[in-house]
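Participant: TrEMBL lists these features:
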DOMAIN    39-290  domain 'G-protein coupled receptors family 1 profile'
TRANSMEM  24-46  transmembrane segment
TRANSMEM  58-85  transmembrane segment
TRANSMEM  97-118  transmembrane segment
TRANSMEM  139-159  transmembrane segment
TRANSMEM  195-219  transmembrane segment
TRANSMEM  240-263  transmembrane segment
TRANSMEM  269-289  transmembrane segment
Amino acid sequence: MWLNTTTSSFLLTGFPGMEKAHHWISIPLLMVYISILLGNGTLLFLIRDDHNLHEPMYYFLAMLAATDLGVTLTTMPTVLGVLWLNHRKIGHGACFTQAYLIHTLSIVESGVLLAMAYDRFIAIRNPLRYTSILTNTRVLKIGMGVLTRASLSIMPIIIRLHWFPYCRSHVLSHAFCLHQDVIKLACADITFNRLYPVVVVFAMVLLDFFIISFSYIFILKTVTGIASGDERAKALNTCVSHICCILVFYVTVVGLTFIHRFGKHAPHVVHITMSYIYFLFPPFMNPVIYSIKTKQIQRGIIRLFSLPHTRA
């Protein structure tokens, strides 16, 4: 029997077979969510409030923090709704919107990491022209370009979800909506929706990674040409935080891809856990990395949380 796409809902899923433990599982997840909100929220506040951080490098960091907040705020309501209240129903419109935001923000994160690599490339290869090349207007255009690229590239497959009849089980395998989950329930020709995301991943995420890699090859070539050892160390140190964020993001992407492609016989809870790691680990780690490795951010945090009498 076919489901009516205008009135029916999908059912979200928490951790199958572990329903009695959902409240306990929600505790560490909630702590991670709160940490992500506080960490990335603090970065955004510091960059807005501290004039010493009004530089292209930190504007791109603000874009990364905003993207991480977006991913968290998009997934958190339905995840906690399932784990706390067993609220599993989600309408088609809400589901497709959530899937659109999740996948768009994933592409945005890759694009922001690429923009940050360009920032480091200019800062090290052409330091005297750094501020004249990366003006505020150009940074804003890059940010808008990253957002536009992601939002337009994901739109075709999400629009098609509204046209499909859903005649199979309406139970999704996660506590949030993903495109690859939804199309499994469609009773229609989903060839385009299967192939197009592969093209997007290859054309954007993998291409971004290769461009980032090549940019760091040129950066290393420039750094090795610097005579002073202290200057070489200082130049490389400005890249360490970004490199760590790249590794965190792409390692989780590769891990999730391997689980989906080669872990078909792995327990379903492994797939679910890996999905949570993919969506939560980078947003959790990025502010930690920049707080530990970037002195300007450290000073801003100390200034923010210092008591009034210690500032005097």
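Cβ atoms are placed via backbone N, Cα and C, with glycine included.
Nobody curates TrEMBL annotations by hand; they come from automatic prediction.
Small disclaimer: the values here were computed from a predicted structure and weren't measured.
Are these features on the surface or tucked inside, and what are their neighbours?
Facilitator: A Cβ distance under 8 Å defines the sequence-distant neighbours of the transmembrane segment (97-118), meaning residues of its chain 6+ beyond its ends; these are 57, 60-61, 63-64, 67-68, 70-71, 74-75, 78, 90, 142-143, 145-147, 149-151, 153-155, 158, 161, 176-179, 182, 197, 200, 204-205, 208-209, 211-212, 215-216, 242, 245-246, 249, 279, 282.
Sequence-distant contacts of the transmembrane segment (139-159) (same chain, six or more residues past either end, CB-CB distance under 8 Å): 56, 59-60, 63, 96, 99-100, 103-105, 107-108, 111-112, 114-115, 118, 179, 192-193, 196-197, 200, 204.
Proximity of distant same-chain residues to the transmembrane segment (195-219), defined by a Cβ-Cβ separation under 8 Å and at least 6 residues beyond the stretch ends, is recorded for 103, 106-107, 110-111, 113-114, 117-118, 120-121, 124-125, 149-150, 153-154, 156-157, 179-180, 239, 243, 246, 250, 253.
Using a Cβ-Cβ cut-off under 8 Å and counting only residues 6 or more beyond its ends in the same chain, the transmembrane segment (240-263) has close neighbours at 64, 109-110, 113, 116-117, 120, 180, 205, 209, 212, 216, 270-271, 274-275, 277-278, 281-282, 285-286, 289-290, 293-294.
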Participant: What parts of the chain pack near the transmembrane segment (58-85), using Cβ distances under 8 Å and only residues at least 6 beyond its ends?
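Facilitator: The answer is 12-14, 22-23, 25-26, 29-30, 33, 36-37, 40-41, 43-44, 47-48, 98, 101-102, 105-106, 108-109, 112-113, 115-116, 119, 136, 139, 143, 146, 175-177, 245, 279-280, 282-283, 286-287, 290, 296.
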